[in-house]
Each structure stands twice: as structure tokens, then as C-alpha cells.
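Here is what Swiss-Prot records for this protein:
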DOMAIN    6-188  domain 'tr-type G'
BINDING   Asp18, His19, Gly20, Lys21, Ser22, Thr23, Asn135, Lys136, Ile137, Asp138  GTP binding site
Amino acid sequence: MPKRQELIRNFCIIAHIDHGKSTLADRLIEFTGALSERELKEQVLDQMELERERGITIKAQAVKLTYKAKDGNTYYLNLIDTPGHVDFTYEVSRSLAACEGALLVVDASQGIEAQTLANVYLAMEHDLELIPVVNKIDLPNAEPERVLKEIEDVIGLDTSEAILASAKTGQGIEEVLEAIVKRIPPPRGDEEKPLKALIFDSHYDPYKGVIAYIRLVDGFIKPGMKIKMMSNDKEFEVTEVGIFKPYLTPVEGLWAGEVGFIAAGIKNVRDCRVGDTITSAENPAKEPLPGYKQVKPMVFCGLYPVESNQYEDLRDALEKLKLNDASLTFEPETSVALGFGFRCGFLGLLHMEIIQERLEREYGLNLITTAPNVVYRVVQTNGEVLEIDNPAKLPPAGKIDHIEEPYVKATIMVPKEFVGNIMDLCIERRGVFINMEYLSENRVMLTYDLPLAEIIYDFFDQLKSRSKGYASLDYEFIGYRPGDLVKMDILIAGEPVDALSIIVHEDKAYYRGRQLVEKLRELIPRHLFEIPIQAAIGSRVIARETVKALRKDVLAKCYGGDVTRKKKLLEKQKEGKKRMKQIGRVEIPQEAFMAVLKIDNNK
């Protein structure tokens, strides 16, 4: 009888968005009979309504499969599902740390994409055994030979044992399972050593508290044990231990090498950090597990409730989301224009959109968001360095020596006929050309250094539209560089509106200011007085538009007449003015705050 550990395989699936990762997971679950026919729905592991709707995987999930291999042994396969989108790289790296191997899924018609490559490099850092799987070979335009050659040339993997599969028709699924058993090594761990377990995810259950998803490296864990978190030394008693099928199923205990979950009455999310190491309180391990780094948010924006009495609800909702999402940060802030709200930090634009949608959908909140910002470094004349995530906090121009902005290294893969369009786009966005490499006769990999601020507006949309949807993008943060940046204020009726301030590059300031005031003129409703809208840098106004006044002579049709009649009309007019939601004296609709995002950034 082989040892328990030798029958365990922990693996994940790496793929670019839409290469069929979740469908492949469905087929593996179906083939091994982990779920009954009734429970099988498409994309079983994408349990969030939003994930199913957008067809993307956001949260990492896990499931335990039982597979009787051709060698007669029954193996336990732990599949840890990972997201493919660039914003969720931290989810991927945590899932990889819990595995010994990975299926590298590549679409037979699309070939290697930018994020496939990024995730492969992550997997190689974790020394994972990679099994190439060419998926979607049932498509009429599939070119498996070309894709296999790409995998060999670009990634340098031997594809002689690559598997051709179709997750849709179920072809090649058994070969995939056999390859997992044969080629992925079993976990190495010692049940006798003190407990060491990696938390790779968590979610909050209103009855049980925080449920931590863990991969045991050494030792064992059972209900009733006292455990300790190694980052903050907090102690808890385990109340429940279980595995994923993919629904949570309690078991008697977990041993080294296994993947499962624990509940320990943890009420505060901060005590259960993803990436932390759990150990036993009586017999603690000396060293925590390596490889966890605190994720830093890259994009910030303000979230404000439309009704000010929802402020507490918004705080509760953010606290709950943070339980599931280690990378979300938030702190309270106030704005003259919008009242009380929160400054939230996200990994990228998709992450921001999803959090916002979850707040509105799952918690029924009505929100106003301000324009997204990146974190700027401001070096003051006295040598002090400030990190600014909100343009309103920028010190006066006289105190600033220079401003530095974050840059990313962007890798763009694109068919050769669109290379010109994409290079134009990168130049418009102040990109610095680094490299261009032909992956095959008709696919090119471009590398640019770009300011992050230029990517977070609509770079991705533009990239897709200029390449007819064929380009794919991956980016990583490379550091700060000085730039000619200025703060642009928007004044409405002479009052600066803090929520509309943006930090822009000097060359684009006039153009952006011009566009923004024109857009605001369309969006701000006409009032009974003239409203000037100005864009200003410091005290210099660079663009101005005026919202014309509505006709206000309510007494014009009275021609003499009784004074009470005139009074009635004047009173009525007064009532109307009261009804306006005021900022200073002007009602600014929510669309106006979003206008900052929608400006065409191309000139």
C-alpha cells in the first residue's frame, strides 16, 4: 500500500482568459464523478454570479477529485482553480504556492497570449512541473502544430508529451488525468514535524467566521487543536476541518500534503491573512513558509454613497469584501463635493470595476466613484518625499521640487498587420519602446515602458479596438520615474470641485482641460443663473465653458396685476431652487464625475 502522500497530487490550471480553463475543470470534475449530474452546471468552480456572467474567474477555488488510475491505485487530485486576468496575479501566485504542478492550457486557435506567458514565469519561479495541454482542437480554425511550435520556441517547454484536448467534447481528458498522476510529483512533507500550513484563500461565513483555505506542508490538523498565525501570533481553536468537493465537506483531519479548509471561530479578517502560515500553538514551527509578499494596490479611487446615511453600510460591505480579497485597501476620506466616503486601493481597473459591481449588487448600495488615480511620489523642495493617491492632497506648486509617476513594463502580443496601430497607441500614451520580437511568422511581441496613469483609463479598450480584438496585454510594475506632471483643478461657478481634480502630463493638460469642460457643459443641467466651468492649473485658467442660464423672468406675463399673484410666482420659483441638490450653488449629476474617465485620451 503506497503511503498516503504518494497518492496525492496538487495541481492548478494556468491559462489566458477564454482559453477554456474553467470548462476543462468542469470536464475533470465530471470524469472523476466528483459531482452528480444534477449538480453539474457549466463553470462549476466560478461560484460568484459575477464570474459566471462575465465568463471570467476572479476568486481562486479548490476541489478534491478521486481518480482510479490505470496502474490500479486511487489517487486524490486537488485542483486549485486560478484566475487568468492580469489584475489577479496575486491570486495566481498564492494558488501556485500551494501546488507541485500545473496544466498549461493554450487555445489551439489563438496560441500563446501575454498572460499565459506571465503566469508561466510565475510557475517556473515556484519550480512547478508544467504539462502543456492544447485545448479547443475541435474548432475548425484550430492549428495545434503551430501552437506546439510556439510553446517550444517561446516558453522552451518540450512538447513531445503535450496533450491535445477539447474540454468541450471531452476528448483527451483521460490523458490529462493520467499525465497529472505520472508527471506531477507528490507533495513532500513530514507528518511528524510541527504543523505548517499555507493560507491561500479565505472567505467569510456569517455562522462559522472566517473559513481559511489551506495547504498543509508539514504536520497535521484536527478539530479541537489550538493553532497560531505566524504573522501576528494570534491563537484560535479549530472547530471544523474539511475538504472541497467543491462544496465544503467536513472530515476528521488533514495531514501533510493535503489541501482543505479550517474554521476556527476567527471573527476578524485581519487575523487570517492570505499567504500567512498557520502553526500549532503548543508546538510551533520555527520559520514561516517563504514566498508571501504583501500586495500593493496600484490604482486608487474614491467611493462615496449617493445617500449619506449609507456610509456605515458601505463600511460594513467593504469590511466583508476585504475578508475575501486580501488586496483591497480602503480608508475613510471626506470631500467637500461628495461628503463622507472611502479612498479605496485596487490592483487594476478590472478589479476596481468588479468590487464596485459587487458592492452595488450584493450589498444594494448606490455609489458615486471618482476618477481612478495611481500613486504619485512627490519630492518637496525640503527633500521630503510624499506618496499621494488623491490629487486633492497635492501640496502647493511652490513646495514641489518634482513629481515621479509609476511606470510599468507592458508586454503586448499582436498579429503583425496591427503592429503599426499598436505602436502609434503606445507613442500617444508616452510609451518608451524597448523591444520587438517575432514569435512566429505572423505574431509579434512588443515591449514598452508605459506610465501606469496612461493605462488605467481606456488603454485596454483602445488596444482591443485597434487590433480588432487580437492583441493581448500583460504588465508589471517596474518603478517610479520623474515626469512633467501638473494638477488640474476644475472650478464650477468659481468653486474648485475636489472630486474632479486630476493630475495630468503638462503636454496634455490643455487638451484634457478643454475636453473635460466641454463634457461637463453637456452634463451639468442649466440653472437659473449662468455657471462658468473652468479648468485651471494653479491660478492660470486654461479652458472655459459656460452653462447658459435658463430664462428667469417669471413676472414677465403679469403686466401690473395684483402683488399677491407676483408673490405666488416668486415663492414658486424659490421652491424650485430649493429642490436642487447643491454643490455650492450648483447641482452636479453623477455622470459628471464619471466624465473624467470617459474622455478620449488619444490626442
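Cβ from N, Cα, C; glycine included.
What you see is a predicted model, and the numbers here were worked out from it, not measured in a lab.
Feature map: Swiss-Prot annotations on the structure.
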{"residue": "Gly20", "record": "GTP binding site", "Cβ neighbours (10 Å)": "23"}
{"residue": "Ser22", "record": "GTP binding site", "Cβ neighbours (10 Å)": "25"}
{"residue": "Asn135", "record": "GTP binding site", "Cβ neighbours (10 Å)": "32"}
{"residue": "Ile137", "record": "GTP binding site", "Cβ neighbours (10 Å)": "21"}
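In the three-state DSSP assignment, the secondary structure recorded for Gly20 (GTP binding site) is coil.
Mean pLDDT for the domain 'tr-type G' (6-188) in the predicted structure: 72.
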